[in-house]
């Protein structure tokens, strides 16, 4: 006579304890053994491993190396000192904007105004040192531009966090406001020439490395530390994961959102000042399309547009990829419109891959506030 199975003894076929005999599956006709649980296939494990690499920002590195290798074979101009220096200066602007954009994306939002804030901050600083009676001191002009950018970001944050307006609509409106203000301030004309003290901000170098590169690294390291080593950084990820759950656990959701958008505007303004310094003039159309470049850099670097996933290192790697694409396109004579299409496709692929890997099904910025 057979015994009833002991519910505390692990099943010899599965290794799992039978906690409820009544809920166990009926014995099969082949011998009464329980079916084995399906194990992850090797291909699935590889996908998960690659996903984790992208999440940490390392997944974009093979892409970066592949593009660099292809360009080195395609054109002799790529590895020249002049081109690499120009590439580093260009990528620095993208990376600083992307790191600011990342802060907003981590909260499950998006900032479409960063490109216009870049242009506005650049002409504010340029106008301040050029047109004011005697010209403002360069340091004061830079501070003024940074305040303008931070204010634009803070307004975005208030509308999103306090009035609960969708980030897409809010920042789209701010994009138009900032671009219009830029054109009004300059009458659509370039502000030039600028004093040597101002152009030296981006034109100088330390230990043979441009100031722009050092500033890019400083911003990236600082933001990486804030996100990973501070309570504020933990709050940012918590809000992006689920704002309502974060609020119920004591996370100050509104201040976190306000600070994220304000920092995004501040870093966009900083990039605008650096861009004006690099160009040697204040161009009212500068920064156009940079919001797309920043978003692309974030998603290529492993950030999720659904929030709570991404790193400052990943944003930097993504900015390098975007910079290489633009630089390579220029060297090879590719129409820049094709590059815009390529970057848009990269964003769609990255978001689609996130969905396939189990990303959330809600739209960015639509989480409960």
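Positions of Cβ are set from backbone N, Cα and C atoms, glycine also.
Annotation source TrEMBL lists compositional bias 'Low complexity' at 22-31.
Here TrEMBL flags 1-43 as region 'Disordered'.
Long-range contacts of the transmembrane segment (58-79) within the same chain: residues 50, 300-302, 314, 317-318, 320-321, 324-325, 327-328, 331-332, each at least 6 residues beyond the stretch ends and with a Cβ under 8 Å from a Cβ of the stretch. The transmembrane segment annotation in TrEMBL covers 58-79 (among others).
Per TrEMBL, the feature transmembrane segment maps to 140-162 (among others).
Annotation comment: TrEMBL describes 168-186 (among others) as transmembrane segment.
Annotated transmembrane segment per TrEMBL: 198-227 (among others), in sequence order.
Feature annotation from TrEMBL assigns transmembrane segment to 258-280 (among others). Long-range contacts of the transmembrane segment (258-280) within its own chain (CB-CB distance under 8 A, at least 6 residues past either end) are made by residues 89, 92-93, 96-97, 99-101, 103-104, 106-107, 109, 111, 113-115, 117-123, 125-126, 142, 145-146, 148-154, 156-158, 160-161, 192-194, 198-203, 212, 215, 219, 232, 236, 286-287, 290.
Taken from TrEMBL, the feature transmembrane segment covers 292-325 (among others). Below 8 angstroms of C-beta separation, residues 53-61, 63-64, 67-68, 71, 87, 90-91, 94-95, 97-102, 105-110, 114-115, 216, 220-221, 223-224, 227-228, 237-241, 339-340, 342-344, 346-347, 350-351, 354, 359-360, 362, 364, 367 of the same chain, each at least six residues beyond the ends of the transmembrane segment (292-325), sit close to that stretch.
Annotated transmembrane segment per TrEMBL: 337-356 (among others), in sequence order.
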Residues of the parent chain within Cβ reach of the transmembrane segment (337-356), under 8 Å, 6 or more residues beyond its termini = 289, 292-293, 295-296, 299-300, 304-306, 322, 325-326, 329
